[in-house]
Amino acid sequence: MGCAPSIHVSQSGVIYCRDSDGSNSPHQTTAISPGAAALHGLFVRSDAADSIPAALARPGRQPPPQAGPRRGIEAETQTGGVGLQASATEVQIGPMRLTQDPIQVLLVFAKEDNQSDVFWWACDRAGYRCNIAQTPESALESFLDKHQEIVVIDHRNSRYFNSEDICRSFRATEPSEHTVILAVVPRTSADQEETSVLPLLNAGFNRRFVENSSITACYNELIQIEHGEVRSQFKLRACNAVFTALDHCQEAIEITSEDRVIQYVNPAFEQMMGYRKGELIGKELTELPKSDKNCMDLSDTINTFIKKGKEWQGVCYARRKSGDSIQQHVKITPVIGQGGKIRHFVSLKRLHCANENNKQLCKSHRDENYTGDNSQSESHSFKCKNRRKDSVDLKSITSQSSDAPSLQTRRYSSMARIHSMTIEAPITKVINIINAAQENSPITVAEALDRVLEILRTAELYSPQLGTKDEDPHTSDLVGGLMTDGLKRLSGNEYVFSKNTNLSHSHLSVPNAISDVPPSIAQLLDNEESWDFNIFELEAVTNKRPLVYLGLKVFGRFGVPEFLNCSEATLRAWLQVIEANYHSSNAYHNSTHAADVLHATAFFLGNERVKGSLDRLDEVAALIAATIHDVDHPGRTNSFLCNAGSELAVLYNDTAVLESHHTALAFQLTAKDSKCNIFKNIDRNHYRTLRQAIIDMVLATEMTKHFEHVNKFVNSINKPMASEETSPQSEGSDCECTANIKNFPDNQTLIKRMMIKCADVANPCRPLELCIEWAGRISEEYFAQTDEEKRQGLPVVMPVFDRNTCSIPKSQISFIDYFIADMFDAWDAFAHLPVLMQHLANNYKHWKTLDELKCKSLRLSSENNN
């Protein structure tokens, strides 16, 4: 059989399945007992019901000759046979693209006849969903349930129901606003006069259809309705979304006719002007009171523009219902309609808060718009948020920004733009762009941008602001000691640092000669490529000279002598000179620390992502920078040197004092003797590029720029990479990411800075026993500084680092929370270093446990004493 069987309902209510050829032979027919409840939603006579409901999809009547066989029935849909497949249709209304579902049709016929049949088959051919109702009640029930776009009502005979009453009952419901109702009227004889359609239109019908038993005639009628009234109604229905948007818009909107009669105002307009909608709709603009503060010819100027179809915008005054004059930013746009003529004018208005009379109204306007979650979101957005990832469970960092001038006192003005500058810094361009954006922004957006400008104009863009010092003295002291230059100099109390800072080469340390690498050291260095390499064991076996031995191994592995075109003897002599000028008496900043940073840098350079992002010169520069980054460190912070008025602080103007000294001295030591000058054989251009890269990396270790470097890395490296990795074309994009980074030298610079910064403070990411040792050493160095500050009568930069009262666990927790966790999160997101992050989490947990135990011990001791 070529077609599916159809369904037939006998007069007794029994349903039969009939093959498409119409035969009813026993082997082709299946009877379904009257007790069956439903088939595909079609209600039938059953033991539990006295009669078949009047609204149903009609059973399998034989099609007219031109219709072809019916292919089964369902309660709602007919899309088989020769009919079109029911599918959604795309409709365009202005810039909106809409999707219209298949059309639904309701046929209201008291009795089935040839006319109802051909409409059914016409719906089937058009691919419409069709329902049939036989009583007014069932028709209304079906319509309220399905909201059909087309309703066809039999108007030929009033014996069974009054079709006009049915139509009126439909029109009394809200869904009927966008429904087309068609009246089927009887034929008139040639000698009869054509009846008027006005009674039908008054009853609510849209069209009339003279009865016709042709499926094609019914099909044509339905198709015309779909492409005409139904599609137009569908577009009008979509306009509800536009009006909803207008009603919720925070800008005041007014729509007038071409004759300037007010047709629509939104709630924001009512609020701004003090009128209710009903007081304005239908009135001409000339009927409303005008402000006397405008220029006499302003109205003529505006009309000259808009009558020519041109947009006008500017600042003018308007009078509220209360009589107050308010200043507004106004933008009037003509809307061209049929015939190319102006049919409407759309006006967008917002308060101009530079006017004193507007301030209270601005405040009221904001208070009504910024409510609930919005206000909470705004205040929260100006806090330093915790950016910690789930991979490391660390205590979050929260800091409250200091109170800025209230938004209520901010004044929006386009005069803030600085177009007169011919040479603009990037930040100036950003400020100009924001100022330009303010000009056409809603008042709430403009004031938020004012707050942005206020932040951008501050000097410290990247440094989070801490709360009161009482919240966390350890963090506050670390910030004070590491991120500021101190500058708490006591009057007349300049301190000349006791260690030798004379730059004369005759005072520089002379290295001891070393022989070939002993087997014990060589064996230890076999493991130097591992992150868990124990630098303290190397320190012990080399008699506190780990930098030379590790340097020879690492520089050789990366081919540095070949790149610099220098001999191994020259490299060895250079490493000896550099190590000899680290102070072995320092607890922390000695050559062991330099070797540790060199090891971490080499480990990072071995990472595939890092390696693919940097050039050979970058690798050599990074290894040299790590080696020299703390040479001749006095064991005191920059803040100490500035407060003491040391020679170095005076020389470098209290700015990046130690970092500047490290680089300057390293290049001086290198150039003083040809035997240790590793740069002597490279050309001038390579040398300048290499030197600049080394200087930039060493200066990046200065902590006052810590958050600037981290935030730039996150915004320029992490976020673009994350965006690429989550894009649909991200397969195999790892190479593309690194290639893109190589194409931008600024990105390579950010990676090198981040790499040496992480290597410099990687102690919390080392195995626990190494982490504990480093924590003890740095604490001892800070204790010694505090002791000397007290002896010399200098300001104590980090009071918590008093050897009698300091809690090393607390200091480590604060250091990790404030400086380490976010930075290594960003570095891990780039380089994928799970081993480091696991060590960091374990070490943090260790310090937290120790701190809790100490607190518990102190609490028990206090209770026992009491």
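Glycine is no exception: its Cβ is also placed from the backbone N, Cα and C atoms.
On a predicted model such as this, the values are computed, not experimentally measured, just so you know.
Annotation comment: TrEMBL describes 55-80, 365-387 as region 'Disordered'. Marked as domain 'PAS' by TrEMBL: 245-288. According to TrEMBL, the feature domain 'PDEase' maps to 513-854. Here TrEMBL flags HIS589, ASN590, SER591, THR592, HIS593, ASP630, ASP760, GLN812 as AMP binding site. The annotation active site, proton donor is assigned in TrEMBL to HIS589. What TrEMBL records for HIS593, HIS629, ASP630, ASP760 is Zn(2+) 1 binding site. Per TrEMBL, the feature Zn(2+) 2 binding site maps to ASP630.
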If I take the alpha carbons of ASN590 (AMP binding site) and HIS629 (Zn(2+) 1 binding site), what is the distance between them in whole Å?
11
Let's see if you can do this one: DSSP helix, strand and coil counts over the domain 'PAS' (245-288), in that order.
18 helix, 12 strand, 14 coil
When a 10 Å sphere is centred on the Cβ of ASP630 (AMP binding site), how many other Cβ atoms does it contain?
24
Site extent for AMP, whole Å (max Cα pair distance, HIS589, ASN590, SER591, THR592, HIS593, ASP630, ASP760, GLN812):
22
Quick check: with HIS593, HIS629, ASP630, ASP760 left out, which same-chain residues have Cβ atoms within 8 Å of the centroid of the Zn(2+) 1 site Cβ atoms?
HIS589, ALA594, VAL597, ALA626, HIS633, THR701
Cβ neighbour count (within 10 Å, all chains shown) around SER591 (AMP binding site):
29
List nothing but the one residue from ASN590, THR592, GLN812 whose Cβ has the fewest other Cβ atoms within 10 Å; the candidates are the binding-site residues.
ASN590
To the nearest whole angstrom, state the Cα distance for the pair HIS589 (AMP binding site) and HIS629 (Zn(2+) 1 binding site).
10
Rounded to the nearest Å - Cα separation of GLN812 (AMP binding site) and HIS629 (Zn(2+) 1 binding site):
23
Mean pLDDT, the domain 'PDEase' (513-854)?
92
Residues near HIS593 (AMP binding site) in space but at least six apart in sequence (CB under 8 A):
ASP630
For a quick check of understanding: among the binding-site residues HIS589, HIS629, ASP760, which residue's Cβ has the most other Cβ atoms within 10 Å?
HIS629
Any idea what the Cα distance is from THR592 (AMP binding site) over to HIS629 (Zn(2+) 1 binding site), rounded to a whole Å?
12
Rounded distance in angstrom between the Cα atoms of SER591 (AMP binding site) and HIS629 (Zn(2+) 1 binding site):
10
